Ligand SMILES: O=c1[nH]cnc2c1ncn2[C@@H]1O[C@H](CO)[C@@H](O)[C@H]1O
Ligand SMILES: [Zn+2]
């Protein structure tokens, strides 16, 4: 396929597996919700300035400092109305961006400050997602959004959150996740929760291989049994080029924006863990812009996603936190096309990868691939249908 046009990138059907509900609020909504609950701690009172504050503060170079910005969004997500509105707008914003299926994740335990119960939180978010889906469909952008419940890796209640996910598995919750600071909090701390979920035949993903390397990925897969990896970008630590570690090789390539697209693949070797991840088709939920902000990658051109895509790992493209990265799926796709040589064919491939890797039932995934994604891509480059 030829170079994509900007309009194609916006219209292309997209699938988003890794997007934090508390990392995707509209700045104006934060201001209005802060007003309505009497929260006075916002760092800016105007939507543009607040948006800039989030992006600049998240540009911290470290995951723990990046995560501090969530205090501000969580402050306004403590009531039923606040959660409902944020969830509804999330579904509508994703749909307007061309997303046709999304999994939105959040940690229910972070929304109890003003007296909601865990169940109350999940029900408010679910109701908001349903409202957003209905509004998006009415606006001509049908979308389906399911929720993933996240437990925080530094906390000790993962099994309680896992039980909550199972309680709502037939009511809009499709999976479970753990997130938060990675170094010092290995996923095996929460083994009980993962074993419980496996016994329940449920699905889960684990943030691993973002701020910490291979041991975290290895534990997530081989001890915890993760279905997917959140980020997983550090799997390249188990890849060599001409016998040198990938990262060392990459350091010598910073002046060459085409280094990853031009690299001959017969110079590349996978270690046992990387080979396992590829052989087992373990989905990698990759989030390029977020990784630049936390220093998990140096640039879009040199982001490992391009090599991993060429090596045919089960790569998916994601936003992580649209507010903190001032991004969208269209923007992530555009960056890869502009700076890393991606084409519409690459985007179609990651979209189908993502749909295959979703936590909804197989027949529903297949229907979205056959009835929405493939026809949507086939229609690109042609005039938009008259609404
Ligand atoms: O990229 C990330 N890595 C690890 N944790 C994250 C990331 N983005 C957000 N969160 C954490 O997940 C919680 C629930 O959504 C957020 O509150 C934030 O603390
Ligand atoms: Zn994340």
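Every residue gets a Cβ built from N, Cα and C, even glycine.
Note: TrEMBL annotation is automatic and uncurated.
Together with 18, 20, 320, TrEMBL lists one candidate of 141, 203, 207 for binding Zn(2+), that being 207. For the pair residue 180 (substrate binding site) and residue 20 (Zn(2+) binding site), the Cα-Cα distance reads 12 Å. In the structure shown, across all protein chains, 207 is the one of the binding-site residues 20, 207 with the greatest number of other Cβ atoms within 10 Å. Residue 180 (substrate binding site) counts 17 other C-beta atoms within 10 Å of its own C-beta, drawing on all protein chains shown. The binding-site residues 18, 20, 22, 320 include none with a CA atom within 10 A of the CA of residue 210 (active site, proton donor). The 6 Å Cβ screen around ligand 2 retains 320 from the recorded positions 22, 180, 210, 231, 320, ordered by sequence position. In this structure, residue 180 (substrate binding site) belongs to neither helix nor strand by DSSP; it is coil.
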